[in-house]
Amino acid sequence: TMFVNKHSRTFIFKRLPRNYRQFTSSSTEDYDLVVIGGGSGGLACAKAASQLQKKVAVLDFVTPSTQGTTWGLGGTCVNVGCIPKKLMHHASLLGDAIRDSKAYGWNVPDEVQSDWTTLSTAVQNHVKSLNWGHRVQLRDKNVEYINGLGSFKDPHTVRVKESNGTERLLKTRNAVIAVGVRPYVPSQIPGAVEYGATSDDLFWLKKTPGKTLLIGASYIALECGGFLNGLGFDTSIMVRSRPLKQFDQQMAELVAESMESKGTRFLRKCVPVSIEKDSRGRLVVKYEDLTNRQTKEEVFDTVMFATGRHAVTNNLNLEALGIEVDQTTQKVFGGHSDDHERTSVANIYAIGDILHNRPELTPVAIKAGQLLADRLFGGSQVQMDYNMIPTTVFTPLEYGVVGISEEKAVSCHGEENIEAICFGDRILGLHLIGPNAGEVIQGFAVALRCGATWSGLSGSVGIHPTTAEEVVKLHITKRSGADPTVTGC
Amino acid sequence: ANLSTALLRKAHHPHYPAVNINYNIQRHVATAEKKFECFNIQDAKDFQTRVIESPVPVIVDFHATWCGPCKLLGPRLEAIISNKEGQVSLAKVDVDENVEIAMEYLVESLPTVIGFKNGRKINKFIGLQEDDAIDSFVEKLIH
């Protein structure tokens with residue numbers, strides 16, 4: 001930038017970029033790292049690498065959803081995942097709190113309604129402030145940000161196509177694929193792609209969702225169904241087999257039951273057949289009840305598919321480079337040369353949801369990204385530990401878990417060796433359904449990582465009165481058949 | 001600056017009307033006899049012309065649609081500046097539409113208000129302020 005002083009003396013000075021420093025690469029075009037994807041993993045990796053004085057660029061681009069929704073920098077978590085989800089989950093719980101407050105002496109009206117526009121606008125404004133925050137952070141950490149679609153020309157050249165059409169070639173020593181995944185909508189169902197919304201759209205819906213059908217049994221279907229029901233919408237969840245198949249099944253059933261008791265309708269063992277729009281613009285869903293093969297029909301205002309998330313890697317040109325992907329999921333294989341995130345091409349890595357067979361969680365992507373940057377540029381040898389990763393399903397009654405399910409424990413160690421999920425004294429898994437389960441489980445996850453044993457747990461004194469103390473008071477085994485319902489203190 | 005250069009500047013910068021109808025301004029500013037400029041910056045070139053090369057000092061209000069305090073600060077700025085009889089102008093920069101300008105001036109939190117005079121950044125404040133604080137900020141820029 002040039003400034004001309006308009007007073008009697010004229011001088012010209014050139015202002016240097018804030019964090020001007022010499023880069024060690026041979027030409028100004030060479031990057032040490034190019035990250036494709038500006039989500040949880042990508043941003044963390046880029047910032048960590050830049051902290052180590054490396055020249056880094058991050059590419060981020062959002063291909064619009066099937067319904068045309070798009071968003072800013074930050075990836076799934078910030079824009080269409082964790083953040084808006086948790087805010088809406090909290091909003092729905094506040095409704096419960098308002099209703100409960102009457103019994104505690106608060107003067108509240110008998111009927112309280114939630115206003116979707118007020119809520120969604122507030123959530124969207126918060127998300128946009130986070131998009132901005134990420135832009136500022138990248139600038140502060142001297143990471144170059146390019147809003148464009150990246151692909152590989154060769155292992156050391158990333159082609160980026162910006163939204164205005166200009167193309168650039170970035171020469172780089174290393175690259176990280178952090179493009180994440182997107183909702184999968186079964187296109188073979190007539191009307192699904194045309195009329196079906198997904199989690200990409202729900203948080204950005206301008207109009208109120210109204211009577212909603214969620215198709216799917218994943219945590220996404222249940223979390224969204226949970227808060228929509230809590231906000232007062234007529235909510236149905238269509239499940240083909242069982243809810244939360246990836247989780248401990250006893251806990252999954254308890255979650256579903258708690259949601260049903262709050263008024264969410266589960267259409268079990270049903271599959272959608274077609275979706276059409278009626279003359280009033282509402283959606284007519286034909287579905288089949290698999291138990292009796294009967295076809296039924298019902299009208300909804302909104303239909304949301306939560307039928308899995310898949311990788312969209314066909315634009316990256318991975319095949320030409322020989323980067324191996326899983327044929328079913330299209331996710332990138334890591335694990336080459338004993339590095340969890342290294343792909344089949346030596347200088348190219350994958351982190352976050354796009355990495356095959358790893359938990360699709362923000363903190364996992366962030367940590368993997370940071371550790372990768374340390375290995376690439378900081379001389380570290382530390383690999384990401386994908387074991388004992390805690391997580392929580394934010395249904396109205398939350399389900400927090402660290403470790404393995406009972407099914408997995410039995411299949412690994414044999415039923416005779418498992419007692420209320422304990423292998424001898426070693427704790428293999430801890431599952432909790434209750435309010436604030438997410439907050440409770442975090443501390444126990446640390447305990448398990450430090451090798452907490454059953455004796456250690458049961459020898460700990462509880463904090464009273466809390467939900468968390470129930471964990472240290474556990475004493476009834478499933479095998480005993482005794483009734484675990486707590487009656488008194 | 002001597003009188004001849006002052007006149008020279010005026011010849012190159014024609015006065016704009018009190019309310020510029022080429023730019024969408026949501027709030028109409030009531031002006032009495034003196035002219036008061038309040039405009040939305042469209043791009044970097046616009047910023048260069050109307051802020052950097054402005055003959056009068058310019059208060060630049062960096063704001064965003066998602067920023068609550070910005071919505072409160074905007075009218076306060078307009079009210080105070082409209083009473084300064086044209087001695088200072090108000091430029092509004094939506095940081096989502098003009099990211100590069102915001103990055104250049106190291107804007108982080110919003111609202112950020114920067115006072116420009118003769119093409120240089122003179123003073124700055126961050127966050128919603130009371131009227132008297134805003135007024136003394138504007139006065140400091142003018143004098």
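Numbers run from 1 along the shown chain.
Glycine is no exception: its Cβ is also placed from the backbone N, Cα and C atoms.
Here the structure is a predicted model, which means the values were calculated and not measured.
Straight from TrEMBL, the features:
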type     : residues                                                               : note
DOMAIN   : A:31-369                                                               : domain 'FAD/NAD(P)-binding'
DISULFID : A:C77-A:C82                                                            : disulfide bond
BINDING  : A:K86, A:G150, A:D353                                                  : FAD binding site
BINDING  : A:G216, A:A217, A:S218, A:Y219, A:I220, A:A221, A:L222, A:E223, A:G308 : NAD(+) binding site
DOMAIN   : A:425-473                                                              : domain 'Pyridine nucleotide-disulphide oxidoreductase dimerisation'
ACT_SITE : A:H464                                                                 : active site, proton acceptor
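This view paints the features noted in TrEMBL onto the structure.
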residue: A:C77; record: disulfide bond; DSSP (3 states): helix
residue: A:C82; record: disulfide bond; DSSP (3 states): helix
residue: A:G150; record: FAD binding site; DSSP (3 states): strand
residue: A:S218; record: NAD(+) binding site; DSSP (3 states): coil
residue: A:G308; record: NAD(+) binding site; DSSP (3 states): coil
residue: A:D353; record: FAD binding site; DSSP (3 states): helix
residue: A:H464; record: active site, proton acceptor; DSSP (3 states): coil
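Taking DSSP states H, G and I as helix and E and B as strand, the domain 'Pyridine nucleotide-disulphide oxidoreductase dimerisation' (A:425-473) has 22 helix, 8 strand, 19 coil.
The maximum pairwise C-alpha distance among A:K86, A:G150, A:D353, the residues recorded as binding FAD, is 30 Å. The full span of the recorded NAD(+) binding residues, A:G216, A:A217, A:S218, A:Y219, A:I220, A:A221, A:L222, A:E223, A:G308, taken as their largest Cα to Cα distance, is 14 Å. Shown in sequence order, A:L214, A:C224, A:P243, A:L244, A:A306 are the same-chain residues outside A:G216, A:A217, A:S218, A:Y219, A:I220, A:A221, A:L222, A:E223, A:G308 whose Cβ sits within 8 Å of the Cβ centre of the NAD(+) site.
Counting every protein chain shown, the Cβ of A:G150 (FAD binding site) has 26 other Cβ atoms within 10 Å. There are 25 other CB atoms within 10 A of the CB of A:C77 (disulfide bond), with all protein chains counted. Cα distances from A:G308 (NAD(+) binding site) to the recorded positions A:C82, A:K86, A:D353, A:H464 are smallest for A:D353. The recorded positions examined here are A:C82, A:I220, A:L222; by Cβ neighbour count within 10 Å, the least packed of them is A:C82. Sorted by the number of other CB atoms within 10 A, the recorded positions A:K86, A:H464 start with A:H464, the lowest. Residue with the densest Cβ environment among the binding-site residues A:G216, A:S218, A:G308, A:D353: A:D353, by other Cβ atoms within 10 Å. Separating the Cα atoms of A:G150 (FAD binding site) and A:C77 (disulfide bond) is a whole-number distance of 20 Å.
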